[in-house]
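Each remark here refers to the structure printed beneath this line.
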Amino acid sequence: MTPQMDNNSTPHDPAASDEAPGERRQISRKGLLKAALVASAAPLLAGGGVALARDAASTGNGPLAPTPECDDGDDPTPPQMEGPYFKPNSPRRTSLVTPSTPGVPLTVSGYVFGRSCRPISGALLDFWQADTNGSYDMAQFNFRGHQYTAADGSFSLTTIVPGLYPGRTRHIHVKAQAPGGRILTTQLYFPNEPRNNTDALFDPELLMNVRNVGNGRQGSFDFVLDVAQTPGPSEPPTKPPTEPGTSWASGTSYRAGDRVTYGGVAYRCLQAHQAISGWEPPNVPALWERG
Ligand SMILES: [Fe+2]
């Protein structure tokens with residue numbers, strides 16, 4: 001038996017003009033951020049590094065790409081309550097549906113950034129949501145799945161538009177965590193939902209951009225996690241990478257590219273972090289790869 005079997009769905013009314021005061025501003029800002037990402041896509045893919053306009057301005061080095069919007073007061077993505085329907089150990093997958101899953105098809109895509117507006121690769125995103133009838137599957141893992149951001153910080157989720165259930169507006173739950181970082185638990189919302197005005201949890205900062213495409217919808221959202229990031233690639237490193245053969249040690253601050261050995265196996269650091277017990281290289285593929 002699953003809880004919340006009530007189907008109290010309210011048909012989505014795209015013509016509804018219930019937009020909260022903050023919604024339009026947020027959409028505009030997210031849109032600009034997205035435009036910046038498109039502009040920076042080429043250097044992201046070509047060099048694996050990211051240089052933002054903000055970094056260029058602060059260092060005096062030439063800009064690699066204009067990225068105007070990640071430093072305009074984009075505070076870290078705000079947290080929201082977990083709610084009663086989270087289940088740990090969701091399957092790793094980017095699609096929560098099959099071709100026969102009832103509901104309106106939805107994709108949600110975007111990027112995960114840190115405080116310095118650089119994409120975070122290997123960030124964990126664990127989504128859970130109601131089915132089209134507003135029910136959460138507590139017995140199994142339907143409409144639950146986790147994934148990791150790609151090297152450019154991007155993610156994409158294939159699902160359906162979640163149904164409504166009593167007391168809430170339409171939303172998707174998510175936990176986001178940079179490698180070695182704290183978990184952000186929050187929720188994503190849909191614009192032009194009548195219940196956005198009556199749901200006390202609703203936060204316009206957490207609105208996705210959503211557009212209709214064919215029979216489905218495409219949503220986008222960019223997370224900003226409250227994690228410090230190392231200087232950009234245009235700045236020289238403050239210390240050279242460790243030489244191969246150094247044994248991994250808890251408490252050490254490692255930089256991307258550092259090489260260590262652990263258990264007689266060589267590893268290369270994928271992302272700067274301070275090592276702690278439990279993050280031994282074999283345990284955290286987001287931080288270390290063999291080689
Ligand atoms: Fe929920």
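Every residue gets a Cβ built from N, Cα and C, even glycine.
Annotated compositional bias 'Polar residues' per TrEMBL: 1-11 (among others), in sequence order.
If you look up TrEMBL, you'll see 1-28 (among others) marked as region 'Disordered'.
Annotation source TrEMBL lists region 'Disordered' at 58-101 (among others).
Here the compositional bias 'Polar residues' (91-101) has long-range neighbours at 127, 129, 141-147, 155-160, meaning same-chain residues at least 6 beyond its ends whose C-beta is under 8 angstroms from one of its own. Positions annotated as compositional bias 'Polar residues' by TrEMBL: 91-101 (among others).
Annotated region 'Disordered' per TrEMBL: 230-253 (among others), in sequence order.
The compositional bias 'Pro residues' annotation in TrEMBL covers 233-243.
The annotation domain 'Chitin-binding type-3' is assigned in TrEMBL to 245-291.
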Taking DSSP states H, G and I as helix and E and B as strand, how many residues of the compositional bias 'Polar residues' (91-101) are helix, strand and coil?
0 helix, 2 strand, 9 coil
Looking at the domain 'Chitin-binding type-3' (245-291) alone, can you tell me the average pLDDT?
85
So, by DSSP, how many helix, strand and coil residues make up the domain 'Chitin-binding type-3' (245-291)?
3 helix, 17 strand, 27 coil
